[in-house]
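Asks: Quick one: this structure, given as structure tokens, is what I'll be asking you about.
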Amino acid sequence: MASDDGVILTNDDAAQCKRYAVEKKYWSDPYISLLTSRSSAKHAPEISRGYYARVTAMRKLLHKFLMLTDRNCQVVNLGAGSDTNYWLLKELDLFPKSFIEMDFKSVTARKVAQIKRHEVLLQTIASEDEDIRLSKSEIHGSDYHLVDADLSILSQVEKKLHESGIDKNLPTLFMAECVLVYIDNLKTKELLKWIADQFPVAMFINYEQVNMADRFGDIMIENLKSRDCFLAGVEHCKSLETQKQRFLDVGWEGADAMEMLQIYKCLPQVDVHRIERLEFMDEKELLEQLLSHYCLAWAWKDPNNLGIAALDVT
Ligand SMILES: C[S@@+](CC[C@H](N)C(=O)[O-])C[C@H]1O[C@@H](n2cnc3c(N)ncnc32)[C@H](O)[C@@H]1O
């Protein structure tokens, strides 16, 4: 296995867990089944509930940013994997000026192949622009860019954002959903600092592990290690404070963070009650343990007081 292969495979895991939960009706997403195969395994209800909270919370902040900026903004999804937000936002008519997705070449190459196979995916990108440019691992449309880059190599990130026509003067939302934990701390620091230096108005939403300095954390690290997947960035996943501080240390104006357990209790409770009836779960403690080991952290730079600092997930 090459050193990044274990990390790359985490996208299959995430996408298959999402597809499984969508098929069980935790949330609706007609596109995930076009981008990933069905998992043969049966997933425990706490896993699907965890993914429900993750997807709902990420989407909530994403939508709030798009509404606040009146869609006059850009979204950059780092380590996007098989993410489907581009197509979902198009359906909602809640679309930014540009949507850029970045991941390792082998991940983007598979996504390109799937997009080419499914007319509905390709047409959404192509309908805006006759001159869509496709290569084996990249797509450039008028408002969608799928590019390959190693996020730990800043020069690559910079080059690919430039090739995607990024406008540093537009409010820009960077998202990383379970990605930074796989990247060396110093490299992530360099990336977060570069974003803070280069983008005057920006927000970063980061979903990943927290409270990892305990037995649960040790077991997760060991399990992943046995699959050649190393949590090189786990140092920042000690607490909500370490999650926030890494942004504040490199020039972000403000940062906040919440455990997913807290967030789960703040999600629209009518929908939470609906999903809790989908599958019987006898051990509530397992879900609570899982949710207390993940968090959402967000940081902002908002010198003109657009209101980004006031966005939250509740
Ligand atoms: C757990 S998956 C999450 C995928 C997607 N964000 C989601 O939540 O469904 C982690 C993703 O981060 C990507 N990734 C991790 N480290 C990366 C790096 N250094 N450069 C580019 N992509 C990276 C992996 O290839 C994978 O697609």
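Cβ from N, Cα, C; glycine included.
Here's the feature list from TrEMBL:
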- R54, G79, D150, L151, E177: S-adenosyl-L-methionine binding site (BINDING)
Asks: Let me check the 10 A CB neighbour count of R54 (S-adenosyl-L-methionine binding site). How many other CB atoms are there?
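Replies: Other Cβ atoms found within 10 Å: 24.
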Asks: Identify, among the binding-site residues D150, E177, the residue whose Cβ has the fewest other Cβ atoms within 10 Å in this structure.
Replies: D150
Asks: Just to confirm: which same-chain residues, 6+ apart in sequence, have a Cβ under 8 Å from the Cβ of L151 (S-adenosyl-L-methionine binding site)?
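Replies: The list for L151 (S-adenosyl-L-methionine binding site) reads L78, G79, M102, V157, V179, I183, K187, L191, given in order along the sequence.
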Asks: Taking the residues R54, G79, D150, L151, E177, which the record names as binding S-adenosyl-L-methionine, find the longest CA to CA distance and state it in Å to the nearest whole number.
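Replies: In whole numbers, the farthest two Cα atoms are 24 Å apart.
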Asks: By the DSSP assignment reduced to helix, strand and coil, which category contains E177 (S-adenosyl-L-methionine binding site)?
Replies: strand
Asks: Using DSSP and three states only, what is G79 (S-adenosyl-L-methionine binding site)?
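Replies: DSSP assigns G79 (S-adenosyl-L-methionine binding site) to coil.
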Asks: Including all protein chains displayed, how many Cβ atoms other than that of G79 (S-adenosyl-L-methionine binding site) lie within 10 Å of its Cβ?
Replies: 24
Asks: Secondary structure at D150 (S-adenosyl-L-methionine binding site) (DSSP, helix/strand/coil)?
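Replies: Once the DSSP labels are grouped into three classes, D150 (S-adenosyl-L-methionine binding site) ends up as coil.
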